[in-house]
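Everything below concerns the one structure shown next.
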C-alpha cells in the first residue's frame, strides 16, 4: 500500500518525476553477498520487511553462524517491539526466517533476484571480480548495489555491463538499529535505479539520504577527517588523547571521543580508508596519512578487537 501511495503522489507531480517513479523497480527478491555483521543485518531487515532473501557466503559454517546471529537479533527486536505480545513476537520471527534462505553459490541464486547487495571484504579487486562474475548470470533488470564505506561506486560499476543499474547502499552498524542508509548515485546510475534504491531503503524501514560518488559519501567524509585531525592534534602535542576525548564528549555532546571511536572502529579500518582517499586526492590535507596511526597498525595495535589501540583494554 505504501508503495502504491508513493506512486500515486508522484504521478500527480511533474511528468518527468512521474515517469521516473513509474519506471522504478519494485524489489521483491534480494540477494545479499556476505554473511558478516553487515550482510547478516541487511538480510535480516530485508526479510523482516517481507522480501524474499538469499544470504550468500563461502561456507555453510559461516552461514550457520550468520543465521544464528540473525535469530538472536530478532529475539532482541521482538522483546522491545512486542513486549506485551509474545505470541505476535514469535510469529514475527517465524515469518522473517521463512523469508530467508542461505546459499554458498552466488551464481546459482542471482538468476531470479531483483537486487544484489554486496557486503564482503573491503577490497577493490575482490569486489570487482565478484560483480564481474555475477553480471554474466543476473537478469537484465537486476540492480547491483555495494555496501562499501570507502571505495568508489563508479569503479565497482565499471567491472560490469550494467553501470546504469548500479548504485551504492551504505548501511550502518548495527543494521537493525541504525536508521540511516546512504544511497549513492554515480554519473551513470539511471533515475530508475536511483528511485528503486530509495524505495527499497524506505521499504526496509530506513531513512535514506542521497549523495554523489564522493570519497566517504556523507558520514565518513565528515567523520574520518575529524578523527584524523584529532590524531594530528595529539601528534603535535597540543593536547592529550584523554583530554581530546573528554572535550568532544562534554563540549560537542558526542557519545564517544575520537580516540575511543577509532579504537572501536578499528585502526586498520581507519588507515585503509584514509590511505585509499590519499591515493585519490594526494594533495588534500584532510586525507594526509598519520605516522602514529601507521605505527600502531604496524604493531598490530588495532583497537578494542586486539586489546590495545590508542587505549589498552583488558
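Note: Cβ is positioned from N, Cα and C throughout, glycine not excepted.
Automated prediction, rather than curation, is the source of TrEMBL annotations.
Quick look at what TrEMBL lists:
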- 29-214: domain '3-hydroxyacyl-CoA dehydrogenase NAD binding' (DOMAIN)
- 34, 35, 36, 37, 38, 39, 57, 122, 127, 149, 173, 305: NAD(+) binding site (BINDING)
- 73, 80, 149: CoA binding site (BINDING)
- 170: site 'Important for catalytic activity' (SITE)
- 216-313: domain '3-hydroxyacyl-CoA dehydrogenase C-terminal' (DOMAIN)
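Features recorded in TrEMBL, as mapped to the structure shown.
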| residue | record | Cβ within 10 Å |
| --- | --- | --- |
| 34 | NAD(+) binding site | 24 |
| 36 | NAD(+) binding site | 16 |
| 38 | NAD(+) binding site | 21 |
| 57 | NAD(+) binding site | 24 |
| 73 | CoA binding site | 20 |
| 80 | CoA binding site | 8 |
| 127 | NAD(+) binding site | 20 |
| 149 | CoA binding site | 22 |
| 170 | site 'Important for catalytic activity' | 25 |
| 173 | NAD(+) binding site | 13 |
- By CA-CA distance, flag whichever of 34, 57, 127, 170, 173 among the recorded positions is nearest to residue 80 (CoA binding site). 173
- Find the shortest Cα-Cα separation between residue 127 (NAD(+) binding site) and the recorded positions 73, 149, 170, and name the residue that gives it. 149
- Query: What are the DSSP helix, strand and coil residue counts for the domain '3-hydroxyacyl-CoA dehydrogenase C-terminal' (216-313)?
  - Reply: 64 helix, 3 strand, 31 coil
- Query: What's the CA to CA span in angstrom from residue 38 (NAD(+) binding site) over to residue 170 (site 'Important for catalytic activity')?
  - Reply: 10
- Taking every residue in the domain '3-hydroxyacyl-CoA dehydrogenase C-terminal' (216-313), the average pLDDT works out to 96
- Query: In angstrom units, rounded to an integer, how far apart are the Cα atoms of residue 36 (NAD(+) binding site) and residue 73 (CoA binding site)?
  - Reply: 13
- Sorry to bug you, but what's the C-alpha spacing from residue 57 (NAD(+) binding site) to residue 149 (CoA binding site), rounded to the closest Å? 20
- Integer Å value for the Cα distance linking residue 34 (NAD(+) binding site) with residue 73 (CoA binding site) is 17
- Item | Largest CA-to-CA spread of CoA binders 73, 80, 149, angstrom | 29
- Maximum Cα-Cα separation (Å), residues 34, 35, 36, 37, 38, 39, 57, 122, 127, 149, 173, 305 listed as binding NAD(+): 25
